[in-house]
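**Q** Quick paste of what TrEMBL says about this protein:
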| type | residues | note |
| --- | --- | --- |
| TRANSMEM | 45-63 | transmembrane segment |
| TRANSMEM | 83-105 | transmembrane segment |
| TRANSMEM | 112-134 | transmembrane segment |
| TRANSMEM | 140-163 | transmembrane segment |
| TRANSMEM | 175-195 | transmembrane segment |
| TRANSMEM | 207-229 | transmembrane segment |
| TRANSMEM | 241-263 | transmembrane segment |
| TRANSMEM | 306-326 | transmembrane segment |
| COMPBIAS | 336-348 | compositional bias 'Basic and acidic residues' |
| REGION | 336-362 | region 'Disordered' |
Amino acid sequence: MQTNFLSQQFNISSLAENSTACPANATICGGASCVLLEDNFNQTLSVVLSTVLTIMLALVMFSMGCNVELKNFLGHVKRPWGIFVGFLCQFGIMPLTAFLLSLAFNILPIQAVVVLIMGCCPGGTASNVIAYWVDGDMDLSISMTTCSTLLAMGMMPLCLFIYTKIWTESDAIVLPYDSIGISLVALVIPVSFGIFVNHKWPSKAKIILKIGSIVGAVLIVLIAVVGGILYKGSWIISPKLWIIGTIFPAAGYSLGFFLARIAGLSWHRCRTVSLETGMQNTQLCSTIVQLSFTPEQLELMFTFPLIYSIFQLLFAALILGGYRLYRRHRVKTKTDVEKTEQKEDSKSNGKINGGFVSDEMK
C-alpha cells in the first residue's frame with residue numbers, strides 16, 4: 001500500500017509541476033519511470049519464509065538420511081561409477097543443453113547468460129525427495145547431490161568460462177561460494193544425523209522417513225508458491241524464455257535417463273540420475289543472478305530461475321504419476337500371474353500325488 005501511495009503521489013506531483021523528478025526514495029530513475037524501494041512487508045515476509053523453509057529443508061534432509069545405508073553409501077564412494085555418470089550429466093549435458101538452447105532461440109546475451117548459469121548449477125535437494133517417491137537409489141541420490149554441490153565450486157567457474165565467452169566476460173559473473181558452502185553444510189549435516197539414526201535405530205528411522213517424505217512434498221509445493229508471491233511483479237518476460245524454461249528441464253530428465261541407461265546402470269539408478277540431472281539448485285541460480293547484474297538487466301531475466309523451478313517440478317510430478325501408475329499395473333499383473341502359477345502347481349501336484357483337489361482349484 002505504501003508503494004501504491006507513493007506512486008500515486010508522484011504521478012499527481014508530476015502532472016501538477018510538469019516535471020520528471022523522482023521521489024527521494026527511488027532507487028532507479030529514468031525520466032517518468034521510477035523503481036521504488038522494496039516494500040517492507042515483502043522484505044519481512046522473505047526473511048520469515050526463508051527461515052521457515054531452511055528449517056523444514058534441514059528436517060527433510062535428516063529424514064532422507066534415515067533411508068541411507070552407510071555401507072551402501074560408502075560403496076558408491078569407493079566405486080563411483082554411478083556418481084561419475086551423474087557428474088557427466090550434471091556438468092556435461094546440462095551446460096551444453098543450455099548453450100544449444102540459447103543459440104537455437106537466439107535470445108539476448110544477458111538472457112543466454114542466465115540460462116547458462118542455471119545449466120551450470122549443481123543438483124537441488126528436491127531431487128532426493130522425488131527419488132524416494134519413485135523408488136530410486138537413495139544412497140546414490142544423496143551422494144550425487146553432495147558431490148555435485150562440492151564439485152560446483154570448481155566446475156561452475158570452468159563451465160561458465162567455456163560457454164559464456166561469446167556473450168559476456170566470465171569475470172562479470174559473481175559466484176557466491178559462501179552460499180554454495182552453506183548449501184553443502186545444510187545438506188551434509190542433517191543427512192549425517194539421519195544415517196546415524198538409521199544405523200542405531202532402524203525402526204524409528206522408518207517412521208521419521210515417512211513423515212519427512214510427506215513434509216518434503218509439502219516443502220516443494222510451498223517453495224513454488226512462495227516464489228510466485230515474492231516475485232509476482234517480474235512475470236513480464238520474453239516468450240522465448242518461457243519456452244526454454246519448459247524444454248530445458250524436460251531435456252535434462254530425458255538425457256540423464258538415457259545416458260545412465262547407456263552406461264549400464266539399473267532402472268532404479270537411471271531414475272535417480274535422471275532426477276538429479278533435471279532438478280537444479282534454482283535458489284543458487286537466483287542468488288548468482290542478483291549478485292552479478294544491475295536492476296535494469298534483472299528485468300530481462302530475473303524470473304527465469306522461477307520459471308525453470310515451476311516446470312522442473314511439473315515434469316517431476318508427471319514422472320512420479322507415471323511411475324506410480326506403472327507400478328500399480330505391474331503389481332496387479334504380477335499378482336495375477338503368481339495366482340495362476342499357484343493354481344497350476346496345485347492341480348499338477350494333486351494329479352501326480354493323487355491328493356485331494358478342492359473345488360476352488362478346479
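Counting starts with 1 at the first residue shown.
Note that Cβ sites are derived from N, Cα and C of the backbone, with glycine treated the same way.
Unlike curated records, TrEMBL annotations are generated automatically.
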**Q** With a Cβ cut-off under 8 Å, give me the same-chain residues at least six positions beyond the ends of the transmembrane segment (112-134) that come close to it.
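**A** Here the qualifying positions are 57, 60-61, 64, 67, 86, 90-91, 94-99, 101-102, 141-142, 144-145, 148-149, 151-152, 155-156, 159-160, 163-164, 167-168, 173, 180, 183, 187, 209, 213, 216-217, 219-220, 223, 241, 244, 248, 271-272, 275-285, 288-289, 301, 304-305, 308, 313, 316, 319-320, 323.
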**Q** Counting Cβ pairs under 8 Å that are 6 or more apart in sequence, does the total for the transmembrane segment (83-105) and the transmembrane segment (306-326) reach three or more?
**A** no
**Q** Determine which residues of the chain contact the transmembrane segment (175-195) at the Cβ level, with the cut-off under 8 Å and only residues 6 or more beyond its ends counted.
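**A** Result: 54, 57-59, 61-68, 70, 73, 122, 125, 142, 145-146, 149-150, 152-153, 156-157, 160, 205, 208, 281, 284, 287-288, 291.
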**Q** Under an 8 Å Cβ to Cβ limit, what residues of the same chain, 6 or more beyond the ends of the transmembrane segment (140-163), are close to it?
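**A** Non-local partners: 64-65, 68, 73, 76-77, 82-83, 86-87, 90-91, 95-96, 98-99, 116-117, 119-125, 127-128, 131-132, 170, 173, 175, 177, 180-181, 183-184, 187-188, 191, 269, 272-273, 275-276, 281.
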